[in-house]
Amino acid sequence: MRLVILDNYDLASEWAAKYICNRIIQFKPGQNRYFTLGLPTGSTPLGCYKKLIEYHKSGDLSFKYVKTFNMDEYVGLPRNHPESYHSYMWNNFFKHIDIDPNNAHILDGNAADLQAECDAFERKIEEAGGIDLFVGGIGPDGHIAFNEPGSSLVSRTRLKTLAMDTILANAKYFDGDLSKVPTMALTVGVGTVMDAREVMILITGAHKAFALYKAIEEGVNHMWTVSAFQQHPRTIFVCDEDATLELRVKTVKYFKGLMHVHNKLVDPLYSMKEGK
Amino acid sequence: MMRGGQGAERAPVLQFTNCRILRGGTLLREDLWVRGGRVLDPEKLFFEERRVADEQRDCGGCILAPGFIDVQMNGGFGVDFSRATEDVGSGVALVAQRILSHGVTSFCPTLVTSPSEVYHKVLPQIPVKSGGPHGAGVLGVHLEGPFISPEKRGAHPEAHIRSFEVNAFHDLLATYGTLDNVRIVTLAPELGRSHEVIQALTAQDICVSLGHSVAHLQAAEEAVQSGATFITHLFNAMLPFHHRDPGIVGLLTSDRLPPGRCIFYGMIADGIHTNPAALRIAHRAHPQGLVLITDAVPALGLGNGHHTLGQMEVEVEGLVACIAGTKTLCGSIAPMDVCVRHFLQATGCSVEAALEAASLHPAQLLGLEKSKGTLDFGADADFVVLDDALHVLATYISGQADSQSQPNPTSASGDSKSQLNPHPPLPRA
């Protein structure tokens with residue numbers, strides 16, 4: 001893996017956005033050649049989305065030939081509910097960029113047949129040629145997407161019941177009222193994300209530090225599903241200092257020492273403008 | 001003109017960008033999406049129809065507010081709504097077109113106290129009509145009189161003042177001839193049998209307003225309990241506030257109103273009809289009920305000199321219009337946008353509050369707040385483009401600009417983006 005450690009949340013968000021920007025541009029997307037991006041929700045990627053929007057508004061990055069697949073969506077929450085992941089993606093990303101609505105895929109938590117919806121989502125990913133870069137986060141309980149502790153590490157897109165840790169973590173988005181938090185969600189599986197050609201996990205904040213430790217310094221374990229990516233050929237963890245608080249000093253020093261290598265991935269920052 | 005309907009989904013989607021829109025009582029940094037003459041929910045468009053905008057218009061950082069609604073206008077630009085001619089419609093159309101540049105997208109042509117023949121002739125000629133690039137929409141007629149107090153007639157002719165104490169609602173209907181195009185009736189509640197009349201009018205969905213009256217607070221409260229919801233130009237043509245009997249003014253803080261009922265009150269914020277201190281007292285006492293009105297007279301937009309209002313002659317000098325030969329004010333000649341700016345400056349209220357007083361509140365008064373006075377999804381796309389000082393730059397009805405503010409259609413990048421051009425400056429009275 002690459003472990004990229006930045007001083008603070010803003011710098012981590014910016015590094016991640018630059019990386020995504022460069023990957024898309026260097027791919028040279030076009031009419032018959034779409035870049036497929038897996039996308040997360042939550043508070044961690046907000047800074048990254050803001051930077052990507054900036055690059056778009058300045059004319060340096062277009063999403064015209066990008067297809068996106070979100071990781072998850074609550075079950076039973078109306079699509080236009082302010083806390084649905086559809087609303088999140090619209091307000092924080094889609095409404096500010098030039099993506100074709102037909103290329104923005106999010107699981108439908110109100111589908112009549114939820115498993116069929118999940119199967120169809122897997123098929124759409126396959127039809128799109130697989131995911132080039134899957135961006136994700138990590139829950140305080142070490143989950144990726146809604147693959148709660150105990151999820152199979154080879155799982156596919158399916159319906160999951162949320163763990164108490166997750167419900168507690170999400171309560172802040174529902175006026176602190178536990179009874180209002182959805183208890184089920186549709187989510188891509190660990191296996192689904194593992195199929196991506198490249199994976200980038202964003203982890204910021206001290207409250208995620210223990211999960212990061214479990215994910216990268218302990219063994220592969222279905223109780224900490226992010227640990228599965230130890231067996232993926234191309235994973236990048238992008239963190240701020242606080243997220244590394246539970247890691248061994250040796251680990252942190254090693255990867256910080258590699259920053260000059262990591263930074264070559266984002267510097268120079270490419271642009272889609274002519275002559276750049 | 002048609003809004004919505006089956007063809008609406010094929011209509012082009014317009015996206016107004018780089019603007020602040022008044023929504024939910026706040027100025028939000030959001031784009032305004034319009035289709036088929038209505039405000040569109042872009043999130044729904046994206047996820048359900050999988051469509052993007054057909055055309056984008058850059059608003060240059062301006063404010064987009066719901067179009068202003070004027071529920072009391074006696075005429076303007078030489079047109080007198082109370083004058084019975086063969087072609088009242090042309091006069092209404094002319095005023096409707098000229099007030100677009102004041103930011104007004106809907107209005108209630110108002111008739112002052114007149115002889116019965118005038119109502120019979122004029123009312124059928126002023127139908128409710130949707131607005132468009134040709135002019136502001138007509139929401140219905142406001143009948144200010146003749147069932148008012150002779151003592152508080154103001155500029156109204158004494159000879160034509162009437163009562164309905166003999167046959168109540170039948171007297172009223174006989175006087176007006178028809179209530180078909182009527183939206184608001186101003187009357188004095190102290191007149192005998194007013195309660196029956198108020199109830200009958202309210203039952204027909206006509207807004208009853210209290211004004212030109214010497215009613216004390218109790219009579220006013222009873223009128224509200226019978227169904228009255230509006231006060232005609234607060235402070236003017238009513239008993240002054242007294243600390244032991246606040247009169248109609250006391251309705252603003254009355255605890256005897258039916259539960260859940262909001263009493264609205266018109267204010268002429270032209271800097272002349274109401275002292276700014278009085279304006280502030282009313283606003284602070286009951287900000288949610290304040291409705292800005294122009295009470296404009298035919299002299300609006302004409303300039304200094306001699307003009308006609310109803311059966312009376314008026315004299316105009318600057319921003320003041322009086323009955324010829326007297327000092328009695330007879331209506332304002334300040335355009336609505338001037339009133340909004342003056343209101344903002346005099347009360348120190350927020351920009352949002354000033355804009356709502358001219359749009360949301362009159363819409364709520366008339367029960368139209370689902371389609372007018374807001375920029376909520378599904379509302380009619382009647383809006384006004386303003387700079388930070390609330391000067392009107394462009395006016396849109398059903399998502400179409402009025403003919404004097406066509407946006408510049410070309411842009412360097414070649415895609416469908418355009419810039420808004422300001423209104424050419426109009427001569428002010």
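Each Cβ is built from the backbone N, Cα and C atoms, and glycine gets one as well.
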B:Ala155, B:Asn236, B:Ala237, B:Arg244, B:Leu329, B:Cys330, B:Gly331 bind substrate in TrEMBL, but which of B:His273, B:His306, B:His361 does that record place at the same site?
B:His273
Taking TrEMBL at its word that B:Glu144, B:His233 bind Zn(2+), choose the one of B:His120, B:His170, B:His195, B:His212 listed for that site.
B:His212
Do me a favour and check the Cα-Cα span between B:His233 (Zn(2+) binding site) and B:Asp295 (active site, proton donor/acceptor); whole Å is fine.
8
Which residues does B:His273 (substrate binding site) neighbour through Cβ under 8 Å, counting only same-chain ones at least six apart?
B:His233, B:Phe235, B:Asn236, B:Asp295, B:Leu329, B:Ser332
Rounded to the nearest angstrom, how far is the Cα of B:His212 (Zn(2+) binding site) from the Cα of B:Arg244 (substrate binding site)?
21
Out of B:His212, B:His233, which of these binding-site residues shows the lowest number of other CB atoms within 10 Å of its CB?
B:His233
For B:Ala155 (substrate binding site), list the number of other Cβ atoms lying within 10 Å of its Cβ atom.
23
Conformational class of B:Leu329 (substrate binding site) under the three-state DSSP mapping:
strand
